[in-house]
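This report refers to the structure that appears directly beneath it.
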Amino acid sequence: MESVDTELTSFNNMVAKSSYPVRILHHNNGISEDEEGGSGVEPYVGLEFDTAEEAREFYNAYAARTGFKVRTGQLYRSRTDGTVSSRRFVCSKEGFQLNSRTGCTAFIRVQRRDTGKWVLDQIQKEHNHELGGEGSVEETTPRPSRAPAPTKLGVTVNPHRPKMKVVDESDRETRSCPGGFKRFKGGGGEGEVSDDHHQTQQAKAVTGTEPYAGLEFGSANEACQFYQAYAEVVGFRVRIGQLFRSKVDGSITSRRFVCSREGFQHPSRMGCGAYMRIKRQDSGGWIVDRLNKDHNHDLEPGKKNDAGMKKIPDDGTGGLDSVDLIELNDFGNNHIKKTRENRIGKEWYPLLLDYFQSRQTEDMGFFYAVELDVNNGSCMSIFWADSRARFACSQFGDSVVFDTSYRKGSYSVPFATIIGFNHHRQPVLLGCAMVADESKEAFLWLFQTWLRAMSGRRPRSIVADQDLPIQQALVQVFPGAHHRYSAWQIREKERENLIPFPSEFKYEYEKCIYQTQTIVEFDSVWSALINKYGLRDDVWLREIYEQRENWVPAYLRASFFAGIPINGTIEPFFGASLDALTPLREFISRYEQALEQRREEERKEDFNSYNLQPFLQTKEPVEEQCRRLYTLTVFRIFQNELVQSYNYLCLKTYEEGAISRFLVRKCGNESEKHAVTFSASNLNSSCSCQMFEHEGLLCRHILKVFNLLDIRELPSRYILHRWTKNAEFGFVRDMESGVSAQDLKALMVWSLREAASKYIEFGTSSLEKYKLAYEIMREGGKKLCWQR
């Protein structure tokens with residue numbers, strides 16, 4: 001489903017700023033070579049280009065005439081084949097990552113058409129800053145001012161020259177990596193710590209030289225040495241902190257260097273928040289984009305770091321990228337942590353393994369796996385799923401929740417669940433796990449194992465915590481899936497970080513996050529909010545803004561989440577049946593009881609959907625159509641949208657050929673309005689509210705347009721099979737989509753077994769029903785050639 005960002009004008013103007021062009025024909029864009037270079041041609045919706053690069057060059061030329069600079073913004077990829085489907089080119093002052101940026105929203109977006117051409121389909125010309133004169137220079141990446149090249153003790157810190165090694169010739173003794181880290185060579189002997197022959201020494205800091213946002217380095221190695229030298233002058237020690245990887249290709253995009261007293265993992269640490277973060281630029285260099293110089297402990301200026309810097313091979317990626325760093329403890333010894341922590345008690349393994357083996361005798365499709373520690377062969381994480389869960393994943397695994405509620409409190413058992421939402425919008429179990437620790441390795445193993453158990457069927461979207469190990473594992477196992485942060489975790493961090501702000505800001509913050517409808521509107525309101533309260537330098541606000549695609553509703557609406565609420569808390573699948581105080585001897589019985597209760601609720605909804613008919617509230621044929629197809633719960637949601645559509649006014653604002661644009665406004669509420677685009681040639685429709693993209697159900701705005709156009713039956717593309725009464729057998733529709741014969745047979749076995757269990761349940765409720773069920777089986781058996 002393709003998202004469409006739409007910016008609306010006022011209802012009285014009855015014209016939308018951005019729309020998809022219809023039948024736009026240009027020969028060579030209608031622009032001569034001279035015009036492209038410097039005439040007064042301005043960008044407009046419908047302008048065509050042969051390539052995205054040609055569009056960028058055109059926008060650069062326009063920017064040079066107008067007086068601003070350009071950066072390459074977001075790109076969007078096809079969910080079908082991963083090719084780039086659209087690109088954004090933005091004003092260089094877009095965002096707030098650097099002090100020079102003002103949150104400007106000016107941009108153009110070009111979209112690839114089926115013909116291979118690129119068409120300008122969205123544009124914003126207004127800037128929120130003063131524009132320069134004629135001849136401004138193109139800027140595709142931010143180029144902030146560089147640091148001067150100070151010297152001390154014959155050492156030069158030269159951020160101007162990429163790949164420049166910073167070496168102190170006055171001290172050539174071997175040093176280890178900063179902050180208690182050593183480079184661990186996997187290719188050497190077991191537990192071997194490498195002493196690289198080529199050694200790079202710590203750069204001596206220069207009096208008066210401090211890190212600042214915008215400082216550039218040729219490599220991450222150079223940045224690390226600079227920060228360590230600075231730390232020696234100021235009086236603290238450095239550790240290498242988190243790294244962040246690209247969701248596209250997995251390459252490292254940013255790194256953090258932190259005070260050695262950051263965190264609370266050891267007695268010597270006290271939660272110090274001082275750090276420096278560097279971000280990779282398109283040029284290959286690195287730039288300081290975030291910085292906190294404040295420490296919460298006493299400093300000791302001039303005190304040497306116990307651990308210096310070893311030279312890290314420069315592989316062209318800026319150093320540090322290809323090196324595994326094993327953290328040493330802070331107690332002075334040099335023993336490497338060879339084993340991971342295990343939060344699962346040893347007594348759990350025999351209990352669970354016995355249970356799994358007994359289940360496999362009853363359920364041929366029962367799956368379980370145990371992770372083994374590569375160092376000592378001990379058991380680590382555990383995953384299991386019965387045949388019902390595996391079958392449910394084939395139907396309702398398109399959007400899932402990785403629930404780690406045990407992390408909220410003092411749970412003694414690290415029990416996690418993977419859940420989906422069925423055609424009754426009820427949670428369904430897709431798998432369970434005991435997570436040994438919260439490392440990337442643990443989550444990577446878990447997601448890969450779940451994917452194997454589900455025959456490789458990948459979700460389109462995932463709701464999970466925003467912790468770095470989980471993010472890294474998700475990107476690696478499910479590339480392309482939209483990761484949405486858990487609402488409870490976002491709320492917790494908001495409560496923690498919004499305490500110092502005035503109540504007026506909190507009110508406007510909530511309004512900005514949860515009431516803006518489009519991406520353009522959110523970015524504009526956020527920019528105004530930050531400027532109003534002078535908060536461009538606030539570290540937390542910068543961080544959450546950079547991660548807005550993972551939690552801001554306006555950015556989530558274009559992705560399918562099967563109706564999982566954006567703002568609400570998702571209740572644990574097992575509720576209060578399994579909690580922190582569940583004793584070992586009762587875990588299995590409580591687990592089975594709660595699971596059976598959930599599945600009984602699902603069976604009741606199946607029965608109600610097939611045997612109960614809700615009352616119709618209109619005389620519209622589409623209501624009768626959807627009553628026949630949808631489950632009871634989903635139909636009521638659709639029915640409410642249909643009834644609410646009567647409270648809206650609809651006005652055509654644009655028409656060209658088969659394409660029309662409508663503005664749909666609520667009666668008595670000028671502020672609630674949305675744009676609907678409709679194609680008469682194929683009945684395709686899209687709405688700026690993006691309800692269909694997000695939930696898979698048509699919104700009241702499109703239904704209003706359909707009513708106006710006298711469309712009496714919904715096109716089949718708008719009736720998602722996953723919401724229908726027979727959604728459980730939807731895998732039959734995918735039989736020719738590349739599913740292997742073995743996986744297809746497994747799906748058929750699970751499907752027939754589930755149908756048979758329901759058949760037996762109803763057939764044994766009375767003697768009369770038993771006779772009827774037996775007769776039906778006999779007749780069916782004849783068709784299957786069971787009987788001769």
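Please read every residue number as a count from 1 along the shown chain.
Placed from the backbone N, Cα and C atoms, the Cβ positions cover glycine too.
If you look up Swiss-Prot, you'll see 142-151 marked as compositional bias 'Low complexity'. Taken from Swiss-Prot, the feature compositional bias 'Basic and acidic residues' applies to 165-175. Swiss-Prot lists 57-133 with the feature domain 'FAR1 1'. The domain 'FAR1 2' annotation in Swiss-Prot covers 225-301. The domain 'MULE' feature in Swiss-Prot is assigned to 399-495. Per Swiss-Prot, region 'Disordered' is recorded for 127-200.
The DSSP breakdown of the domain 'MULE' (399-495) into helical (H, G, I), extended (E, B) and coil residues amounts to 37 helix, 28 strand, 32 coil.
For the domain 'FAR1 2' (225-301), DSSP puts the residue distribution at 10 helix, 29 strand, 38 coil. Per-class residue totals from DSSP over the domain 'FAR1 1' (57-133), listed helix then strand then coil: 10 helix, 29 strand, 38 coil.
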